[in-house]
Amino acid sequence: MKTYLVGGAVRDELLGLPVRERDWVVVGATAAQMLDLGYRQVGRDFPVFLHPETHEEHALARTERKTAPGYRGFVVHAEPDVTLEEDLLRRDLTINAMARDEAGGLIDPFNGRADLEARLLRHVSPAFAEDPVRILRVARFAARFAHLGFRVADETRALMRRMVAAGEVDALVPERVWQEMERALGEGSPATFFEVLRDCGALAVLFPEIERLFGVPQPPKYHPEIDTGVHTLMVLTQAARLSADATIRFAALTHDLGKGTTPADILPSHHGHEQRSVDLVHALCDRFRIPNAYRDLAVMVARWHGYSHRALELRPDTVLKALEGLDAFRRPERFEPFLLACEADYRGRTGFEDRPYPQADYLRAAHARCLAISAKDLVNEGLTGKAIGEALHARRVQALKQLKAEWGG
């Protein structure tokens, strides 16, 4: 029985990155032996155990054989006769197929270290094509390591395209797609995830509402980059600069989905795209069972981002209408994420990447001025019933008029 450190821990240590978690492969052991040693079994589909002291995952060395389409159609063989190299062979990328033995020696049968140095994401073997989830994983690793200059190897890109053409991606269940997408949104370069999926054709299959944004023109006066798909990924990149919050990044990604269904005869104008975007956000979230925290912010940004951009030009009563529409008084915790997503949209244009966004500060000030006027104060003044709401509205509008004057409006 021998134990080897495998996968991401070995990769990240060689890259000089913090090791997030340590996974181990055990060769020459049975499940019964692991239990006798005090390990606790947690794997449902194959034998994975938690170490009795460190609680790190230890998996029996295994092989996998494809028996049906999709990512679940596998038969697992995990017996003492499975070698370390056989276990590493079933892994997705060469950079994830390295191990260290108990003495710390590197075991690298598929040249993962060379691919690390060449900054290549390369599949280990043709068996890569048996699991369509690997397409999503490659895209996610590309998003994680983009800042280090990694790219997908040409032969791996070609294999991914063949997998998509063969319909393998169609077998992915929504929850698994969202799981990988959510993780990708948290990576350093989330736009790269969608670029890789687009390159292999998977974006059109999984996220057609994003794919159809590419090639759709916008007015060059406001969008020097012109292409709506290019703009969308620029906005996502800006959102990643502004915040690590994945809900903000998702809202940035989906804020303009309605521009993909703009009638051709009104292009490059996109009149009414906000409501179309809202409808598409709901459909996307329903399809992938995306949590409400993502849906709620994305809908807010899709519907109201134009008001944010025009904040300095709006009448005070219109600013108040927007704040009420955003539910900013009852749900103030969502207001700052909304403003950050709008700032990302403003900056996600060629030549605008580092420009200030004073609209956000203006709306923050407007929100604060309105919050300072409460219904409780009006009740204390003796107002009742409808008069409270009317007075609250009037005083908030007056406060916003004063604010606009202070800002030179």
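The backbone N, Cα and C atoms fix where each Cβ goes, glycine too.
Here's what Swiss-Prot has on this protein:
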- Gly8, Arg11, Arg91, Arg137, Arg140: ATP binding site (BINDING)
- Gly8, Arg11, Arg91, Arg137, Arg140: CTP binding site (BINDING)
- Glu21, Asp23: Mg(2+) binding site (BINDING)
- 228-329: domain 'HD' (DOMAIN)
Distance from Asp23 (Mg(2+) binding site) back to Arg140 (ATP binding site), taken between C-alpha atoms, in Å: 19
Cα-to-Cα gap, Arg91 (ATP binding site) vs Glu21 (Mg(2+) binding site), nearest whole Å: 17
Per-residue Cβ crowding (10 Å cut-off), top of binding-site residues Glu21, Asp23: Asp23
Cα proximity to Glu21 (Mg(2+) binding site), best match among binding-site residues Gly8, Arg11, Arg137: Gly8
Pairwise CA distance, Arg11 (ATP binding site) versus Asp23 (Mg(2+) binding site), rounded so that it is a whole Å: 12
PLDDT averaged over the residues of the domain 'HD' (228-329): 94
Secondary structure of Asp23 (Mg(2+) binding site) (DSSP, helix/strand/coil): strand
Cβ contacts of Arg137 (ATP binding site) (under 8 Å, same chain, 6 or more positions away): Asp92, Leu93, Glu180
Check: same-chain CB within 8 A of CTP site center, minus Gly8, Arg11, Arg91, Arg137, Arg140: Gly7, Asp92, Leu93, Ile95, Asn96, Phe141
